[in-house]
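For reference, the structure is listed below as structure tokens.
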Amino acid sequence: MAVVPIRIVGDPVLHTPTSPVPVGADGSLPADLPELIATMYETMDAAHGVGLAANQIGYGLRLFVYDCADDRRKAAHRRGVVINPVLETSEIPENMPDPDNDDEGCLSVPGESFPTGRATWARVTGLDAEGNPVELEGSGLFARMLQHETGHLDGYLYLDCLIGRHARSAKRAVKSHGWGVPGLSWLPGEGPDPFGH
């Protein structure tokens, strides 16, 4: 269990759909999964993230951890893990996202954020760390996180959801940082925090 590097946009593992976590006939999960989950929590916490998908640290498995409020202004957070999540959402708006209310960032695009259109409500079903069924739903920031993390597991970054001038700004930012190529990562807690925490 340790803080590990987070892959940056351009790494193939971020752009490849993940594989389901194997579940035994008796409902058992892989014996090494608790160690991976602990590493994911520790890395997410060190990065001050609200969620972290396994492929962001190089594991092509379908699970994410989260520590997220329902609303940006609320102090109470929900924390947990979802294994093999299935996502359901309300309709995603087709209009331009609001720069004040729809801003979104990503640990794999460190220090950047862009307005991103997302459904206002989302639900995921899957398994918890013990292999028990879990269902999470929410609106606002929590719904945004559920969509963001499940998108990672499907091989997409939030940059892939951007439209118009926001998409163009993101492409310029990726190019200016020298991202978009394999092998780049950053280690939370080492050097300046790209998000200013």
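Counting begins at 1 with the first residue displayed.
Using the three backbone atoms N, Cα and C, a Cβ is placed for every residue, glycine included.
The active site feature in Swiss-Prot is assigned to GLU149; the stated evidence is sequence analysis. Under the heading Fe cation binding site, Swiss-Prot lists CYS106, HIS148, HIS152.
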- Query: Any idea what DSSP makes of HIS152 (Fe cation binding site), helix, strand or coil?
  - Reply: helix
- Task: Could you tell me which three-state DSSP class CYS106 (Fe cation binding site) falls into?
- Result: coil
- Note on the structure: Same chain, |i - j| six or more, Cβ under 8 Å of HIS152 (Fe cation binding site); the result in sequence order is LEU14, ALA53, ASN55, GLN56, PHE64, SER108
- Item | Neighbour tally for CYS106 (Fe cation binding site), based on other Cβ positions within 10 Å of its Cβ | 25
- Item | Remaining residues near the recorded Fe cation site, that is with C-beta within 8 Å of the centroid of the site residues CYS106, HIS148, HIS152 | GLY51, ALA53, GLN56, LEU107, SER108, GLU149, GLY151, LEU157, TYR158
- Query: Taking the Cβ of GLU149 (active site) as the centre, how many other Cβ atoms fall within a 10 Å radius?
  - Reply: 26
- Message: List every residue in the same chain as HIS148 (Fe cation binding site), at least 6 positions away in sequence, whose Cβ is under 8 Å from its Cβ.
- Response: GLY51, GLU104, CYS106, ARG118, TYR158
